[in-house]
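Reviewing the structure listed below.
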Amino acid sequence: MIKIYDTMTRSLQDFIPLNEGKVNMYVCGPTVYNYIHIGNARSVVAFDTIRRYFEYCGYQVNYISNFTDVDDKIIKGAAEAGMDTKSFSDKFISAFMEDVAALGVKPATKNPRVIDYMDEIIDFVKVLVDKEFAYEANGDVYFRVSKSHHYAKLANKTLEDLEIGASGRVDGEGEIKENPLDFALWKSAKSGEVSWESPWGKGRPGWHIECSVMATEILGDTIDIHGGGADLEFPHHTNEIAQSEAKTGKTFANYWMHNGFVNVDNEKMSKSLGNFITVHDMLKSVDGQVIRFFLATQQYRKPVNFTEKAVHDAEVNLKYLKNTFNLPIQENANDEELEQFVKAFQEAMDDDFNTANGITVIFEMAKWINSGHYTSKVKETLAELLEIFGIVFQEEVLDADIESLIEQRQEARANRDFATADRIRDELAKQGIKLLDTKDGVRWTRD
């Protein structure tokens, strides 16, 4: 049985879906005002891997990941670029789709956009106002946190701790809010900003209400899994829970999952430190599969430390797996140990999707394969396990000229013409083909 570390309970829980054989997942997507950075990619890759493992286990997964296309940063960025907010968002949505495709990420079942759910957002806020979970103040609408009895549970803090932190922040809302923790459901329009008509005047939604509406509209009042980066625990996911459960009276999500951060040379990634790395830029020099494999080297909840050496190591290890995958099949080989590797892999992944341990099993399996255990069944299984990580190797086919040289070398060795055999080997090495003579014949790998 799959066990999930649930952030809400701070414990491993057996995964029991709402509907047998089906998984409904909502994962918070990007705010589309720039190219995604490597930290954003960690979340995308982590939850794509989780989705793929569910599917490997036979589940039907309804995977929803949104685009936040109404936001202060988008308004500011569009104005600076001399574009309308939709065209500006469209640009970075297209860039996002290209970047994650290069990382081998499967398309979501649906990628909802905020602008397509404005009527539903307004209706949601109206219900909260009618139930007195929200109040209007100067054209803004705020959620009344004092009525949410378990508000701080996901953040694992006391309400008093959060209030102290919120009261220390100075903003223009402080004088009109009943409580420093109250958060905006609807913001009144400022001059020149994109806005929509509402019962409270022209305005736009707050960030947190957007995800609650899209998640419940598509997946229903209660969903199986809600995921995102660890930075979203508070306030974003905390506020999602408060407003969603206030409206429906039901548990919003049964499992809360949060991935760890990506550090750069053991420092937090930030523009101020000059270590801000976008996937768009990284893909110019590093293959997408290498980036993805690097991100999978740690279990999703743990931080990943980005260094040039770590990425290089991922490239070397991936090349080893690729060369293993392209070894010649030996149908008469002994593959009785295969099921032991599969069982060990599944045990690793069932334990809260421990990709680090899962990859360790794959490398143990690769070592076993290289010792002469590569049947068609083994190759098919290796491909299935690698695909969970979004790694798909294409069958390598040698050019006819190279195949001819390998055959000529074999003939030279048979005739004990080792000078010719060595010359051909060196010539092939210059073309990136490395030969290995074994008791079962010659094997080749591509450097």
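Yeah, the Cβs are placed from backbone N, Cα and C, and that goes for glycine too.
Per Swiss-Prot, the features are:
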{"type": "BINDING", "residues": "CYS28, CYS211, HIS236, GLU240", "note": "Zn(2+) binding site"}
{"type": "MOTIF", "residues": "30-40", "note": "motif ''HIGH' region'"}
{"type": "MOTIF", "residues": "268-272", "note": "motif ''KMSKS' region'"}
{"type": "BINDING", "residues": "LYS271", "note": "ATP binding site"}
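Listed in sequence order, HIS208, CYS211, SER212, ALA215, HIS226, PHE252 are the same-chain residues at least 6 apart in sequence whose CB falls under 8 Å from the CB of GLU240 (Zn(2+) binding site).
Sparsest Cβ environment among the binding-site residues CYS28, CYS211 (other Cβ atoms counted within 10 Å): CYS28. When DSSP labels each residue, the motif ''HIGH' region' (30-40) comes out as 3 helix, 2 strand, 6 coil, counted as helix, strand and coil in that order.
A Cβ within 8 Å of the Cβ centre of CYS28, CYS211, HIS236, GLU240, the residues given for Zn(2+), is found for these other residues of the same chain: TRP207, HIS208, GLU210, SER212, ALA215, HIS226, GLY228, LEU232, HIS237, ASN239.
Taking a C-beta cut-off of under 8 angstroms and a sequence separation of 6 or more, HIS236 (Zn(2+) binding site) has the following same-chain neighbours: CYS28, TRP207, HIS208, CYS211, GLY228. Taken residue by residue with DSSP, CYS28 (Zn(2+) binding site) is part of neither helix nor strand, so it is coil. Within the model, the motif ''HIGH' region' (30-40) shows a mean pLDDT value of 96, rounded to a whole number.
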